[in-house]
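Just below is one structure, and these are the notes that go with it.
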Amino acid sequence: MAISSYSLLAAVLALFSWQAIASDPSPLQDFCVADNSSRVLVNGFVCKDPKDVKAEDFLGAKLDMPRDTKANMVGFNVTLINVMWIPGLNTLGISLARIDYTPLGENPPHTHPRATEILTVLEGTLYVGFVTSNPENKFLSKVLNKGDVFIFPQGLIHFQFNPNPYKPAVAIAALSSQNPGAITIANAVFGSKPMISDDVLAKAFQVDKKTVDWLQAQFWADNHN
């Protein structure tokens, strides 16, 4: 009886452990095309009736054309193909992004709270890196050239920078969530709505409040499309 109870406890703990580490829930059917017209709120999207599913539900926008990189001050453009763009991605736990960089353009430090990212350089050169969690905060970086691949672990702050002052760069990134999310650090800290108290930020960054006020007055645009 004791062995049976122990086995049951181990099985329950294993089940909850698996649920805790899973980023997106695993599909229980071939597909669950998102029904974007439904008003029902769930963790993800309600499934469309399989009888109404079409090939177009799995078709996305073309990613072969350069994107506008002049719309923001840091010189890059992220075109994210997630479940909002392709309803067929719902429950499949993956999304894709094209990232265009101007000469000296940057995808500034940010995190993806729900996804690990694998990035491949298609054109140009990128200086990339990420920082590990507390207390080490170890910085790992690399210069990537065309064809190189780099991993950004889930939730860690990371960036990409095009060091070439004359040529643009292009990369493709795959992410392990249908909706990976993005938190750009500068935007979140200095461009939140409403703003974080300058007393809090001055203490956190060990600077005077005038510096914080100046940073909060900058234009922190949404850099992820």
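The first residue you see is number 1, and the count goes up from there.
Quick reminder: no glycine exception, Cβ is built from N, Cα and C everywhere.
Those TrEMBL annotations? Automatic predictions, nothing curated.
The signal peptide feature in TrEMBL is assigned to 1-22.
If you look up TrEMBL, you'll see C32-C47 marked as disulfide bond. The C-beta environment of C32 (disulfide bond), restricted to residues of the same chain at least 6 apart in sequence and closer than 8 Å, consists of F45, C47, K48, N90, T91.
As annotated by TrEMBL, domain 'Cupin type-1' applies to 76-213. Each residue in the domain 'Cupin type-1' (76-213) gets a DSSP state, and the totals come to 22 helix, 56 strand, 60 coil.
Taken from TrEMBL, the feature oxalate binding site applies to N107, H112, E117.
Every protein chain considered, the tally of other Cβ atoms within 10 Å of the Cβ of H110 (Mn(2+) binding site) stands at 21. As annotated by TrEMBL, Mn(2+) binding site applies to H110, H112, E117, H158.
H158 (Mn(2+) binding site) and H112 (oxalate binding site) have their C-alpha atoms 9 Å apart, to the nearest angstrom. Around H112 (oxalate binding site), the same-chain residues at least 6 positions away in sequence with a Cβ under 8 Å from its Cβ are F152, Q154, G155, L175, S177, P180, G181, A182, I183. Within 8 Å of the centroid defined by the CB atoms of H110, H112, E117, H158, the record's Mn(2+) site, lie the Cβ atoms of T111, A115, F130, F152, L156, I157, P180, A182, excluding the listed residues themselves.
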